[in-house]
Structure formats: structure tokens, C-alpha cells
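Features of the protein shown, as given by TrEMBL:
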type: TRANSMEM; residues: 6-24; note: transmembrane segment
type: TRANSMEM; residues: 36-57; note: transmembrane segment
type: TRANSMEM; residues: 77-98; note: transmembrane segment
type: TRANSMEM; residues: 105-124; note: transmembrane segment
type: TRANSMEM; residues: 151-171; note: transmembrane segment
type: TRANSMEM; residues: 201-219; note: transmembrane segment
type: TRANSMEM; residues: 239-263; note: transmembrane segment
type: TRANSMEM; residues: 284-305; note: transmembrane segment
type: DOMAIN; residues: 336-581; note: domain 'ABC transporter'
Ligand SMILES: Nc1ncnc2c1ncn2[C@@H]1O[C@H](COP(=O)(O)OP(=O)(O)OP(=O)(O)O)[C@@H](O)[C@H]1O
């Protein structure tokens, strides 16, 4: 059914040039807008970064080529290279300034970038001011000028379909999974070794490049440019498109671009007749539509359409050769050494010079009353928080001061207190994210689908880990559809998929029912018997007492006691602090 739909879509795209010129022109515009919206789907829908500046990138591509080909009589193809380089440069600078900041800085920065470029286009006499630049040459391939609108339509859709294909491939890859993880916050992607900032930058530049390409094609199709198609209002329109079409899917960009283009043309004809004035009244209708979509079709039209389609084919988990594995430390060897670690939050000392060790093959529990500093200690070990003082060593290597992605590279893997999975992605894909550091397939091989053998190996490894934790049968269901207990186990499978030497579990039993806790305990015992080392922060005393080899107790940021479970159980200080003297 999905394949039939795809073939029907391709056939429709191929047949549009047989229709009257109005539809061919409309089809060309839809192709251009789809390209820009596609970049925005990746940037906003998938990665969670809102940009109002995509029309400005389109303008940058269009104006660069317009100036170089008219004033300097350069070839449009050479102008394309310069336009792309300029766009990449601008996106890198803009991204470097804003992507680090998070929050509303990116939308605000892209908004101001969109407005400034629009005024620049309109003010500089070299760019033709508000009148724009005309006499832009037609594109030529092998000496043949593409003046026929139908041929140009095919060129636009060739580029657009290639971009769609590349984007789909990218999302179904090692880097794509890490990009999809970014929406859940930087911590998840970084915990598996991905550099969140680098990924955001790549997505930002990629979406800018798509905008630039669309702008370049636009300039040589119209053979004339002026500032109005690249203003901030058009940037907002692109956001309309993906919100209405579906920001989470590449098909959302096609649906949104098509719907908004047709509606805009229709409304621009009808509304002035009804209202009796000319103006951009269609914006009001778009606003109402957005509200309706958000109210009744959250996720956009594509999400609604997808309900009627058969599920996507399952991930191919056939036979494949094993991924390389790291040498595990020998049982009993010192593995983790926390040495006088300290964390101050302003005047509050959350962790006061705490020291303890974990040997290979042990399960060690870190307990303490609320606010004792357990999670802070945990985050100091995993690198999520910078320490004020002290050090952490993994084996012989100092890991304190390193970024979480660097620490993950050295063999430390973790789960989260509040489960961090990508709910719309299948269980196996979530687990595959854990293997990020075990392969090095890049964007190029992903985009051109040259990564299939490695993808099969990663899928086979993820399937193996799911079998190890007993979740084999849930492999192909969306992770968000599982009960909390199973989601926590998926997180453990994902951590195992990174082939760790040390597993950090942050309150794995929180929110679980009795039976789920028993299953979790069985799994952890099995992992210990396989030689895995585990440091576990947990509130549930009974759960820990029957499971762990040793316990470290914290209170008010300090280490209160350390010992075997039965020693801790009868330690008066611990009973006083942790159990209120019961
Ligand atoms: N980012 C932060 N900024 C300021 N104070 C913080 C921050 N994170 C934690 N704290 C404070 O540090 C202390 C220790 O908190 P932490 O979360 O490590 O305790 P915990 O033992 O894990 O508690 P719980 O079991 O309730 O999760 C608390 O007083 C907490 O309010």
C-alpha cells in the first residue's frame, strides 16, 4: 500500500507537465517550497530547532546567483557553487552563535537574520533595491538552455526528489537516529557518544543548503528576483506548511507545500472579492487552519493520513557479522574510582568530597534520603554536570572534566531517572542508538544509502541485546507504546548495545510494579553473572538489599556509610538518616 502510494505520487509528479501551464507553474513552485519545507522538517520537526529564516537562505541563494550572473556574467553553475559556499559559511556563523544557547535564541536569531537580509536586499542599489534584478540568464545543460517551463519543472522535481530520498536515508542511519534523539534533549544523544552541537550544526547547515538550492532554482526559473519572496512573512509561511502538513515527516513538507500553495492562490482570488479590499488576508485563514490542525490533528495532516496506511516494514534483522567488542576488565579489578568529588550549586554544596570505588563485576548501590546528592554524584560520574573539585577515574584513566560523549567513548553507559526514549521510533531503533560509537558511518554514506551492510550489523546487535533482556518480541513496536517497566528495560538494552564496561542505572525501579521490579532484579542478576559492572542509584531499599554486592549511603551530600547490605541494614547511623531511626 505504501509502495503503491509512492508510485502514484511519482506518477503524478511525472504527469503534471501534461496539464495546462497554470498547473506546471504551480507544480514548480510546490517543488521549490517542498525543498525548503523539507529542511525545516528536519530542523524543526525532527530536531526541535525552530527557524524563521529559511526564506532568507532561499533569498541568499537567489540573490547570489542573480548578482554573479548579471553583473559579473558568471555561469549559473559557478554561481551555484559560490551561493552554496556562502550559505554554508553564513549558516556556520549563525549556528555557532546561536545553537549553543538553546531556548528561544535560535528562533529569535533566525527571525532577526530573516528581517535584516530582507532589508538588505531591498536597500542596496547593487541588488536593485525594491525593484530587484532582472535579465537573469536561463540555466543551460550541455549548451542547451532550459527555457521550457516543463523541462524546468522536471529539473526542480529531480532535485527535490533527490533531497527527499537523501533525507529519508539520512534519518534511517546512525547519525539520523542521533539527530532524532536531539529532540529529547542533548543528554540522551550525548550519553551514547554523539556530539549534540555538531549534529545540530549539520542539520542547520543542511536545511540552509536546501533553502539556497531552492532559491537558486527559483532565480533562474523567474529570471528576475526582488526581496518580497524572501521576507520574514514567507519564513513564517514555511513554518505554516510543515505544521499543517506534518512537521515530523518528509511527507509533511510535500503536503504542506501543496496545500499552502493552492490555498494561497485560491484565497488571494476569493478573499478580496468577499472583503472588498486587497491585502494578505489569506494569512488570517492560515492562522485559523493552524489552530484547527493543532486542536484536532496534532502532528499535521500526514499523521492523520498515516493512520490509514499499513505499518512501515520492520527493520531488517537478518544474519550479519558481529560488531567489534571491547575487552572487558577482569572480575575484581578496580574499575571506577570516585576521588573526593565535590559539587557546589552557588552557595549549596550538593556533594561534599565523596569517595568510593567499584570493582569490575560488582553491583554497587548508591542510596540516601531525598536530596542526599545521589543524582548529582551520578551526573558528575557520567559527565553531565561539571565538578567543582575532585576526580573520577575509569580504570586508569581520569574521566572527570570530559564531556559525556567522551566518557561514553571510554565505556561508560547509562540509563535515565526519567526514561528517555524516542517514543515514535521502534524499540529496536532506540536500542540501535546505543551502538552509535561502535561504527563510524557518516552523513555521506547514509545519504547515498551506502551504509546498508553496517546498518544490518547494528540491527543484528540491537536484536541480540533485546533478546538478552527478554524483549525480543517487542522489537518492532513503537517504544512509547510499552509500559514503563518495559521502557526502562529498553533503556538498559540500549545501554548494553554500546558494549559498556560500566553500566550506570539511575533509579531503574522507580514507578515499577512489584512484578516488574522482580523482572528487573532478575535481569540485573543475569548481567552480573555475565560479568557486567553496575552502579545503581535507587530509592527502593528492599529492591537493592537483595540485589547488590555493596552499598554506599549518602546524606546531606556526604558519604555516610559503605558496606555489605547486611552491614548497612543494621548500621544505626543509616537507620537514623535514611529510615528515620525505624
Ligand atoms: N541544578 C541544580 N541547581 C541547584 N541545586 C541543585 C541542582 N541539582 C540538585 N540540586 C540540589 O542539590 C541537592 C542534591 O540533589 P540530588 O538531586 O543530587 O539529590 P538526590 O539524592 O538524588 O535526591 P532524590 O532522591 O530526591 O532524587 C538538593 O538539595 C538539590 O536541591
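Using N, Cα and C of the backbone, Cβ positions are placed for all residues, glycine too.
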Intrachain residues whose Cβ lies under 8 Å of the transmembrane segment (105-124), provided they are six or more past its termini: 49-56, 59-60, 63, 94, 97-99, 130, 226-227, 230-232, 235
Close approaches to the transmembrane segment (36-57) from elsewhere in its chain (Cβ under 8 angstroms; 6 or more beyond its ends): 87, 90-91, 94, 99, 106-107, 109-111, 113-114, 117-118, 160, 163-164, 167, 171, 179-180, 182-183, 199-200, 203-204, 206-212, 214-215, 229-232, 234-239, 241-242, 245-250, 252-254, 256-257
Interface check, the transmembrane segment (201-219) with the transmembrane segment (77-98), three or more C-beta pairs under 8 A: yes
Spatial neighbours of the transmembrane segment (151-171) far in sequence, C-beta under 8 Å, 6+ residues away: 10, 13, 16-17, 24, 27-28, 31-32, 34-35, 38, 41-42, 46, 139, 179-180, 210, 213, 217, 221, 250, 253-254, 443, 446-449
Same-chain residues near the transmembrane segment (6-24), Cβ under 8 Å, at least 6 residues beyond its ends: 149-150, 153-154, 157, 161, 254
